[in-house]
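Notes follow the structure.
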């Protein structure tokens, strides 16, 4: 290798050193100085891992003074190069720049520059880069992008709502599904889609204080969304880091009380430029025209500043038309400004609902009914569709579905309100109650008497709360070490039940963490029963481990002992037996407990066991829940309303459980109230709204499509290849689970999403649902997305060289595989990837410019190739550099046609889809006032910006592979 003082070379193994200069040459060694780092390297002359840097006409080079030059001619004299060309800053031509004065901070970013500079990648990295481009482009085009990555069952009605709302600009909707139908999951799916597509970047979730951790866990575990929980302490800390503390995080959860309590805090929240606001338990926002509550006013103020708003409530509108109106008013105050007018409008929807029922029944329609449908829909060319719907042809059913869809678009609050009911959603189990009446021990009787005397001044509510938990009253007098479990008959019953049902998984819920911990110790020490504990004092990781141990079929825990707060947000539908060691204070909490098992997808009827002590508040409550509300064996949408109306009476009975006079009458009255309200709910069910919210066959097809994608073997192969190349260790643990741990030779020292201790992953949705300690890997998981970013945002795999052993071709035949990327730059919120994601175009050129890519498929070709070490590769590249340059020019001439075709197709698709959506909403605006002006404006603006961005789309060479034919 001939070296001359002043020549510029680059290290093949340490490219980060920049451009080196030969400063010393002797018989056996050569010394290079790398000015950008100030370091020297001594190499053997005969076989040094360095590559001569030589630029060609057409290249742009930078001088050590910072100015740039377009090379037009290269001269060599005594082994040193001089570049002649035109300066780009002054446009002076004929400028000469000797190679010694080249900028030393040279970075080769173009694939061809890296190849010619000897920066040759491993062949498997090139293949990974191409696959990453290909799969990434395909995923963006999927119609349900953003709906596949969550750790949830594929439930059609949830997917339907999320798919509809998640694609809207700044959605403002009310999610009002009945308890247990998954409003939190629907909201999470909508957030996930909006964040993934770039439609939203900053999200604020406001919930009651007791639900903060539930939301935190749900968002992280199900959607891989890492929210920050803001309380007084966190807010005070963040004030040191920013003028507005909420600017320090993109995704924030806080309580309603936290937001409402301080005027300055509320102002900071309003100024923080959120894209989406989510409010859970919105039925607690009390409103009347004369006196809205402070909570309502706080949310109203926020809703005025935040473009997208999701309100969640389980309270049906029939149980309070005024509060229902108040919630809709938060979403669109211009549309919902007059309560009296709103009530009148609601009455007018009855004929529409009847028309939908008529169409769905499938009976022949009379002329009057056809005329009424025509008037309701109000389209000029509706006649053929009406005739088709009333015919006996094969198209009749689809015509009726289309008419139903048109009716739902044009009438009612279906764009702002979604409500599914258990009657409309199939797949729920039965619930069977087993009450076990037990005697009240004398120890408790004594403690309760003394407590009654000492707590005479306590309020009835405090006394009632105390009476629900006699073991705690006993401990107050006997101290924390009091062994109440030695005489409490509920403990004996529980041990007997568990030992006689060893094969069953049993969920035991009690109000307090201390009770759960004490029960675990007793079960373990007395009967050797394996019990996991789950309470609010544990970290999320500890809870995951406990849940995973409970989920294990053979070696797992038989029992999971949960505290009230600790179990929030967790579902264990693989179990069907529940024991309530005590009872919660209100019907909402009771439903929440049962909801841990009573989910869609539960395979067995739920057995609810309630051991209770006679003559205690528990005996009062168990009767009231069961006989007064039927709340154990059926969901109870009337529970909160009745609870509020009889609260004072109920509290008195709970505080003095031995005084039962009039209690039977109270139960009878509550049951009558319950039946009347239930009938009112059933009669007032908005069938139109339920049909729209449910999604029908369309939602079912969506769930099936995603289920098919779950079996994508390309993902597993790609992920394993990705982990190998990044340097992540993989340990197969069986049961479709793999443990990933960082290695000492990773591409990056700290890979996002991979902790030092490692993580457990699975590609199987069912395993992920059963094992909360295993992360569910899909194309949308941060681990895969971070891996794609790592590969595609850098140079990994962008230049390589391979040998093709093929005796049918002459030795030395050259082929160049080019991967171009066609792309457009635009702000993320335009969601340009729907139409033109960065799309790879593969070309396989011979020296005459013939493109063989169509005949030679990538994976088949890749398997026929052999790798070349970097040193040999550099020699090969130097030998054929001129030929490669010529082939590259032929490639540049050919790519334009393919790229233009892709760009034109994207423009046509964008124009067609966005114009159609705009036209549809403009037509509906005439008959349905629930379509907001700002939504129409946003779609028109979005269309214009998308078209402008696509007009400026271009292409670039992303990767290349040089292939040399050999016979050896």
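Quick reminder: no glycine exception, Cβ is built from N, Cα and C everywhere.
Because the structure is a prediction, the values reported are computed rather than measured.
Residues or ranges marked as domain 'Helicase ATP-binding' by Swiss-Prot on the basis of sequence analysis: 164-334.
Around residue 181 (ATP binding site), the C-beta neighbours below 8 angstroms that are at least 6 residues distant in the chain are 157, 158, 420, 421, 422, 425, 600. Look at Swiss-Prot and you will find 177, 178, 179, 180, 181, 182, 183, 184 tagged as ATP binding site, backed by sequence analysis.
Beyond the motif 'DEAH box' (280-283), the same-chain residues lying 6 or more positions past its ends with a Cβ under 8 Å from any Cβ of the stretch are 174, 183-184, 187, 205-208, 211, 215, 299, 311-315, 320, 323, 327, 330. Taken from Swiss-Prot, the feature motif 'DEAH box' covers 280-283.
Marked as domain 'Helicase C-terminal' by Swiss-Prot on the basis of sequence analysis: 490-662.
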Neighbour tally for residue 180 (ATP binding site), based on other Cβ positions within 10 Å of its Cβ: 19
Packing count at residue 178 (ATP binding site) (other Cβ atoms within 10 Å of its Cβ): 20
Mapped DSSP class for residue 183 (ATP binding site), helix or strand or coil: helix
Spatial neighbours, same chain, of residue 177 (ATP binding site) - Cβ under 8 Å, 6+ residues apart: 157, 183, 186, 314, 418, 419, 420, 421, 693
Within the predicted model, mean pLDDT of the domain 'Helicase C-terminal' (490-662): 88
For residue 179 (ATP binding site), nearby residues of its own chain (Cβ under 8 Å, 6 or more apart in sequence): 314, 591, 595, 635, 637
Other residues, Cβ within 8 Å of 177, 178, 179, 180, 181, 182, 183, 184 Cβ centroid (ATP site): 186, 314, 420
Secondary structure composition of the motif 'DEAH box' (280-283) [DSSP: H/G/I, E/B, coil]: 2 helix, 0 strand, 2 coil
Cβ neighbours of residue 184 (ATP binding site) where a neighbour is any other Cβ within 10 Å: 20
